[in-house]
Amino acid sequence: IDDHKERKNSYNRFQNEDEEENNYNNYTQQDGNYADNAANDEDGASSDATEGHDDEDEIYEGEYQGVPAYNDGKPRDGQVALGQPVSDSLKSRKELENERLADEEELAQQYELIMQECGHGRFQWQLFFVLGLALMSDGVEVFVVGFVLPSAETDMCVPNSGAGWLGSIVYLGMMFGAFFWGGLSDKLGRKQCLLISMSFNGFFAFLSSFVQGYSMFLVCRMLSGFGIGGAVPIVFSYFAEVLAREKRGEHLSWLCMFWMIGGIYASAMAWAIIPHYGWSFSMGSAYQFHSWRVFVVVCALPCVSAVVALTFMPESPRFYLEMGKHDEAWMVLKQIHDTNMRARGEPERVFTVNRIKIPKQLDELVEMQNESANPVLKVLFKIKIWLTFMKCFNYPVKDNTIKLATVWFTLSFGFYGLSVWFPDVIKHLQADEYASRVKIHNNERTEDFTFNFTLENQIHRNGVFLNDRFISMKFKAVTFIDSSFLNCYFEDVSSVGSSFKNCTFVDSFFYNTDIDDTKLTNSRVINSSFHHNKTGCQMTFDDDYSAYWVYFVNFLGTLAVLPGNIVSALLMDKIGRLSMLGGSMVESMMIFMLCLYNGLSISAWNSLDVVTAELYPTDRRGTGFGFCNAMCKLAAVLGNLIFGSLVGITKAIPILLASSVLVGGGLVGLRLPDTRANVLM
């Protein structure tokens, strides 16, 4: 009750201040501003949250009872505005911006009081799980790249020159998507942009599992990445705007957990699905649907679930207020209040807010100055993502933008670089161990022999094969050098990782094999014929001796982040964002194992998400977060290229490079302002 009275007094303070202003935004009940006496009368007040009926048995649950009116200070048609000495059209842009800044500061304080009255309960938890699914989809998208990369490139016969493009092009799509969708969400709304971007991602992710050509697969995954790029900046902006200050740090950190749940989900599905070659089908030899494509379809499910669930959630009320949509914001805030009160068993509690400050809207001035522009320019000015982006480099957020971009870049460079490097190093070490067990045969001669079994990990030099038959068998990592095949018969033969160098084929017959020019290097074919050759790449996961091990190691690596995620959520509001951000990144230089690195770095990611959401004002929160996330994905591209090129060359340089970058970013992060006491501007 005391809290209730205190908040009521705070609202009265805002009301009294407005009544004393006597200018363009004069708030009085005479002008109809938030005057809904029937709904807010102290003696007989009742909220539509009340179950059943009111005293007169006329108003029912959910029935529209009217919205407190908002007067923007503009004279109605045929009326003269009293007490309005200067028209907005006569004021300079700087004067209008200063007035808007003052309005935003007042709104930030009042909005915090409103969120405290609404409470933290069922509504926030519902939105928590819905946005968690969207964030989970982003984590899945990132991990899918690493898991399908070797399989897709093998399945689609990608030459070495094209290998690695998949990882880079997905991150490029996410980079442009983060900037575009984040900026658009500041103009069109959090919910609407998130719905569109997630639908975009789900459609092209699903489509990519069916396309056969590598070029089309790259295009689909790039567009899928472009769609999911909007998830991180919009999700955190959206959720931060329905949380009170004392809950914001902890619950945004809990939300971060869904990103790694996405990684765990992708790792578990890869481990369970990809190595199972039996989970596939084909239509002839032209259309192959291997198990990795099943994995891609399964990984699109969180995105589809997020889109469905998001349709039932309202727009951010803070965004509505920033856009001057008072009635819509009031209705959403009332919905939050009533949902939480019903869940607490207090449906009779009344939503006492009877007026909300609206910042001065400058869009009309922009449109007025561009009336002569063509329609395309008018649309661009209406959206004006670029103009909002440039505001991120204006005082007072300029320094914070530069620092945040630096920290996002350095943390991402180390995280994604090492995330690519660790699995590749494991594969490289296993490949070295596999190659060390190769069997070498020199000057062998076989005659009238039938090979109907697998030849694996062998090198044959200067061999002679006379009247031999190779039937229903497989060459696995077998190389023939300077060998001769005379009057030999090949039927139903697969050659995975095998080749024939400087070999000679005389009077030989090939039927239903995959031996073609790509596997015959500087070889001569004399009086021999090929019939019904297999098309496409012959790939089975029986050939991947390290598949289970690599996917299992990645699964353990993603599981390792859960303890760090839980600890960071519990401590975020107690020891502060910056101590965890800088400390976690500095500690990350000590990593030598994937699990340890992931477990330490997740606290830094969580802290960075919270700080970024809290440092930007509402009118550029999505844009600023999107820009920082775009820098993150740019660093991911560079990390993929640089760390990928170091695999097999050296093990010390990647560790030292990641350590120095992370330490530098951690030191910059410690210079960011502490946001624990901030209200959302």
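Yeah, the Cβs are placed from backbone N, Cα and C, and that goes for glycine too.
Annotation source TrEMBL lists region 'Disordered' at 1-93.
The annotation transmembrane segment is assigned in TrEMBL to 127-150 (among others).
Annotated domain 'Major facilitator superfamily (MFS) profile' per TrEMBL: 127-676, in sequence order.
If you look up TrEMBL, you'll see 162-181 (among others) marked as transmembrane segment. Within the same chain, residues 141, 145-146, 148-149, 152-153, 193-194, 196-197, 214, 217-218, 221-230, 232-234, 385, 389, 416, 420, 622, 626-627, 629-630, 632-634, 636-637, 640-641, 644 sit at least 6 positions outside the transmembrane segment (162-181) and bring their C-beta atoms closer than 8 Å to a C-beta of that stretch.
The list of residues near the transmembrane segment (193-210) in space but at least 6 beyond its ends in sequence, with Cβ under 8 angstroms from a Cβ of it, reads 134, 137, 141, 177, 181, 184-185, 217, 220-221, 223-231, 234-235, 238, 289, 293-294, 296-297, 299-300, 303-304, 306-307, 310-311, 622. What TrEMBL lists as transmembrane segment is 193-210 (among others).
According to TrEMBL, the transmembrane segment annotation covers 216-240 (among others).
According to TrEMBL, the transmembrane segment annotation covers 252-274 (among others).
TrEMBL lists 294-313 (among others) with the feature transmembrane segment.
Marked as transmembrane segment by TrEMBL: 404-422 (among others).
Annotation comment: TrEMBL describes 548-572 (among others) as transmembrane segment.
The transmembrane segment annotation in TrEMBL covers 584-604 (among others).
Under the heading transmembrane segment, TrEMBL lists 655-672 (among others).
If one looks beyond the transmembrane segment (294-313) by at least 6 residues along the same chain, the residues whose Cβ comes under 8 Å of a Cβ in the stretch are 126-127, 129-130, 133-134, 136-137, 140-141, 144, 147-148, 191, 194-195, 198-199, 201-202, 205-206, 208-209, 228, 262, 265-266, 269-270, 273-274, 279-280.
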